[in-house]
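Take a look at the structure below.
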Amino acid sequence: MNGGRLKVDALSVRYGGVTAVEDLSLTVEPGTCLALLGANGAGKTSTLRGIGGLESAAGGVWLDDLRLDNLPASRRARAGLGHVLEGRHVFKSLSVAENLRVAAARAARRPELDPLDLLPELRPMERRLAGGLSGGQQQMLAIARAVAGAPRVIMLDEPTNGLSPKLVGRTIEILAGLRDAGFAVLLVEQRVEVAQKLEADVVVLRHGHVAHRVRGTDPDLPDLLQAAYLS
Amino acid sequence: MHEFLQTVLVPGLADGAIYGLVAVGFATLFTTTGVINFAHGQMVMLMSMSVLVAVGAGLPVWLAYVAALAVMVVVALTVEWTAVRPFVQSGQSASWLLSTLAVSVVLAELLAVPYSGESRNFTYGVSKHRFDLAGLAVSPAELTAVAALFGVAGLLLLFYRRTRVGLELRAIADDLDGAEAIGISRARASQIATVLSALVAAVTGVLVASTQLVTPSLGMSYTFYGFVATAIGGMGSIGGAVVGGLVIGVVSQFAGVHVGSLTVNLTVFLLLALVYVVRPHGLFGAAPVRAV
Amino acid sequence: MSYLLSDLSRSLRAAAARGRDATPAPVRRVLARPVAHGAAMLVVATALLALWGPLSYNGYVLQLVCLYAVATLGLNITTGYAGALSLGQGASFAIGAYVTAVLVVSHGWPIWAALPVAALAGLAAGALAGFPAGRLGAIGLAMMSLGLMLVVNDMLIQFQSVTGGNNGLSGIDARLWFGGEPVSTPWVVAIVIVVVASVSYWLHARYRTSRLGRATVAVRDEPIGASALGVSGYLTKVVAFAAGSALGALSGGLFSYLSAYISPDAFSSNLSILFLVMVVLGGSGSRLGPVVGAVLLVLIPLRLDEYPHLNNLLYGALLIVLMRLRPRGLFSRTAAPAPQALRDLAATPEVEVPERAPGEPILRVTDLRRSFGGVDALGGVSMELRRGEIVGLIGPNGSGKTTLLNVVSGHYPPTAGRITLHGTDLGGLGAAAVARRGVSRTFQTPKTFPGMSIEEHLALPAVHGERDQAMRDACRRGALTLLELGGLDPHDPAAGMRESREMSHGRLRFLEAAMALGTCPEVLLLDEPAAGLSATEIEGFERVVSDVAAAGVAVVIVEHHLDMISRLVDRVVVLDLGKVLWEGDPGDLHDVDSVRAAYMGVA
């Protein structure tokens, strides 16, 4: 079994005097997908960075029974919390293969899912430098890199950002593959169609607070979202 | 021609190898942490002095080396904690500059305590007795210095390319957030890079001591020469450090022999100014992309 | 240690504030002027000198403090104001000392001629070292200055016939005329030292409050923000290097006179570091800090003189501790006053707002492209902007909105395509040049200057080129309204003196926009100005934008608040994947399916 359960309890993230996220709780079960939607500045990215330990945050974070919130980011990642950052953050001067190798889990836990099986389109470019890849290819590499670390939960921050419609479709396929492989998938998105197609549970954020919790299949979702954008 | 080879090229390459090793030490730390250690020249002298002091205290030579290496590692970890880790890939150059400079001042002063800062002869390294090699008088120490430069640079390149830890250090250098998100610890990477750089300084220290008198006050000069080599080669480039070091060694030796020993620093200084005017990012460095 | 330091500085500041409150306003204004500080220093130092006598030990220490303070103040211009870390102040000091000594010993020059020449020599050396180094980052500057230090030490020995080599030069006496007899009283040198120190303080403080000084600090704090206001960085660094070095050399000249004998031993590289520690301990960039640093670091080591090595260990350890615990030093406040800017703004008359009517096209972008590595951020964008028009630029994250602003404002050169303002090409110009042509902007994260006062922020922007009076008044009025919206009362002088680092993000946004209006731009580019603002604040902001547009400013606004866009703009341009996806009336936006799909993924 790949997945573990991610539980976040009363998370708050503050920068200086500004509160980005306040008192946010959520749970992602293995084999399911939860999507955080909302306008820019609603606190989506801060939520993921807070959970991942890249931003200091208050509140509890658990992976199954393991408490993560007092660990530094690198330890959380090694405990099985995969994080595909906003803006890809691939290692530009390393080749594609090296990007995957440096991320590969240490001997103890082998990934049950080979990242190149999930993303075969990366195979022909294994020897190319990541910095020379197109935006879409870098995004695929960023996802593959997270999978290579044998995570149990995968957080993805706007994976479809800046992609052409065709690649958006491909990304949705990949995310569905991750979910069906048993990972718990926590997704931040601006495009509601991604959440709809993945039939994800949706949390709509507004000003760092939960505005709605609905199913991605709910027909009212686009209208709720438009309302959250426009207010 | 023979005179040029004997008086300029041979000693120039030997000195250049040492400047190159200092630059390689800079590059080792800089690639991973974005910090240049102004105390690196003092670390070089610390190795020579530690061996001297340990032997002077009655330890057998091999044990003196072990003790000196232990001192290097301990000092490196202290430097890492005080002056490197807070500034890893932070871009706050003024902060780490001042911090490592401060470490340099402290080390320089401590180095001046034994033997009251006087120069000492060091006989526990590679022999400085010259022999004839294809008509040129060279010493094993000079040959070892050049071999060590290429050896250390080659080993480091292999390390960065082939080993997992090496890849991790490069990953931190490329993208700190991305590296932490896949489980690479910034603190550990910074420690590893600092200790590696200190080990390069240890090799350099033994070679400095083998080729010349040990003068504790020269630490800052080594920092400067090593930096000029770095500026020529490009920040963080190991190959560039090798080339830069050898160039400075030969050029400064030429100036020393044909113009006068007091113009050596001037020549190297002018070389630095020239590099900055002509190619500010060095021969092998790339201009940074400015981010708004 | 950290508590001790912050306690000390807090109690100093509290005492200063108490003193300020107790003084009547006119007196306070006089006391705040650098000339008053300089005069006070002169009076105190002269009184102490009279009390102790220039030949006593205390008198000697006092003169030493004064002359070290001169070098430290100079270094504060280079390192504190310009942020260019110099390890070469000792070199300037040595140059000044030797120039003075040679002029006096070999040529019999009088003190009033030798010292200025020494300062000029320092100025020249600083300019020479700063010229290539001005293009470099902090590391390059530090290394150039370190190299200078090593070279100067060699040269002192190399030119033995002039400098006396290792033996040095002796008989450096003060004369009043060329070739005259040395004066017999030590008072001449003592008075000169004290006067030079006081005047140097005044000059160094004036430097900070001058237009050049403000530009220097702005470039130090936020070079990109400074360039957006038309301030370019290179010259400020070179001038600061030269000015700092001149004061260093002047200080060296005084040292020659005080010691009457100099040799290369006196100018080790530790001297440079000592000056640096004085500046950092006192508070790099503050005006009073370096003086305090010089006093402390002359006095304390004198107590340790009998223990060898301890002095330098102390400097080093102090610097390590400072960098970890209190990197900004004892006096951490670096802001300076510029009350005129705020007064002028507060006096702006009410203006009549005309009806908004976009005029002729002024900015034209043709097939603009920009790629980063393999990614095309802009894939051929063409658009036009008319005088007095407000255009809303929207699109999903990563669609190229900010890149478009960055290329137009000159922060990134375009990969291909043309940008013209009034028909002239802007394509090859840097950001500062574009700003001076009349294109002003704000950034997603406000680029303000943390170490400057609010007043100074407002004094920084200047209007370049012709603008009619109505437009100037409208811009000033807009800037004033923005400040008030940001919670800043322009009639309260204390508010204007706050450092912007203490202010919240939202307030900085208003301050930054006010600065952008301070240049009275022809084209104003706003990058997500409403992010993080409340509904009332957004409303006020909209009014300002609308009013300045009515006066003729053309505005491009990147925003995610679609309702704000639909209320405010004349025209909407939707970007997606670096291309213009749709362009038209904001009222039609919600009905266009492709826009909905791209922007919100709402199919």
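Note: Cβ is positioned from N, Cα and C throughout, glycine not excepted.
Any TrEMBL annotation is an automated prediction that lacks curation.
Residues or ranges marked as domain 'ABC transporter' by TrEMBL: C:363-602.
The transmembrane segment feature in TrEMBL is assigned to C:35-54 (among others).
Long-range neighbours of the transmembrane segment (C:60-77) within the same chain, counting only residues 6 or more positions beyond its ends whose Cβ lies under 8 Å from a Cβ of the stretch, are 45, 48-49, 52, 54, 86, 89, 92-93, 189-190, 193-194, 196-197, 200-201, 204, 207, 240, 243-248, 250-252, 254-255, 258, 275-276, 278-279, 282, 284-285, 289-291, 293-295, 297-299, 302. Annotated transmembrane segment per TrEMBL: C:60-77 (among others), in sequence order.
Residues 71, 74-75, 78, 111, 113-115, 117-119, 121-122, 125-126, 129-130, 133, 138, 141-142, 144-146, 148-149, 151-153, 156, 162-163, 169-173, 175, 237, 240-241, 244-246, 248-253, 255-257, 262, 264, 266-276 of the same chain lie 6 or more positions beyond the ends of the transmembrane segment (C:84-105) yet place their CB under 8 Å from a CB of it. Annotation comment: TrEMBL describes C:84-105 (among others) as transmembrane segment.
Taken from TrEMBL, the feature transmembrane segment covers C:111-131 (among others).
Residues 83-91, 94-95, 98, 125, 129-130, 132, 165-166, 237, 241, 264, 267-269, 272 of the same chain sit 6 or more residues outside the transmembrane segment (C:138-159) yet have a Cβ under 8 Å from a Cβ within it. Among the features that TrEMBL reports, transmembrane segment is placed at C:138-159 (among others).
Look at TrEMBL and you will find C:185-204 (among others) tagged as transmembrane segment. Here the transmembrane segment (C:185-204) has Cβ contacts under 8 Å with residues 34-35, 37-39, 41-42, 45-46, 49, 54-55, 59, 63, 66-67, 69-70, 73-74, 76-77, 111, 115, 174, 176, 247, 250, 254, 257-258, 287, 291 of the same chain, all six or more residues outside its ends.
Residues 60, 63-64, 66-68, 70-71, 73-79, 81-82, 84, 86, 88-101, 104, 111, 114-115, 118-127, 129-131, 133-134, 141, 168-174, 189, 192-193, 196, 200, 203-204, 207, 212, 216, 275 of the same chain, all 6+ positions outside the transmembrane segment (C:238-261), place their C-beta atoms under 8 angstroms from a C-beta of that stretch. The annotation transmembrane segment is assigned in TrEMBL to C:238-261 (among others).
According to TrEMBL, the transmembrane segment annotation covers C:273-300 (among others).
Look at TrEMBL and you will find C:307-325 (among others) tagged as transmembrane segment.
For the transmembrane segment (C:307-325), the partner stretch with the most Cβ pairs below 8 Å, chosen from C:35-54, C:111-131, C:273-300, is C:273-300.
Long-range contacts of the transmembrane segment (C:273-300) within its own chain (CB-CB distance under 8 A, at least 6 residues past either end) are made by residues 34, 37, 41, 61, 64-65, 68-69, 71-73, 75-76, 79-81, 83, 85-87, 89-90, 93, 201, 204-205, 208, 217, 220, 248, 314-316, 318-319, 322-323, 327-334, 336, 451. Regional average pLDDT for the domain 'ABC transporter' (C:363-602) in the model is 89.
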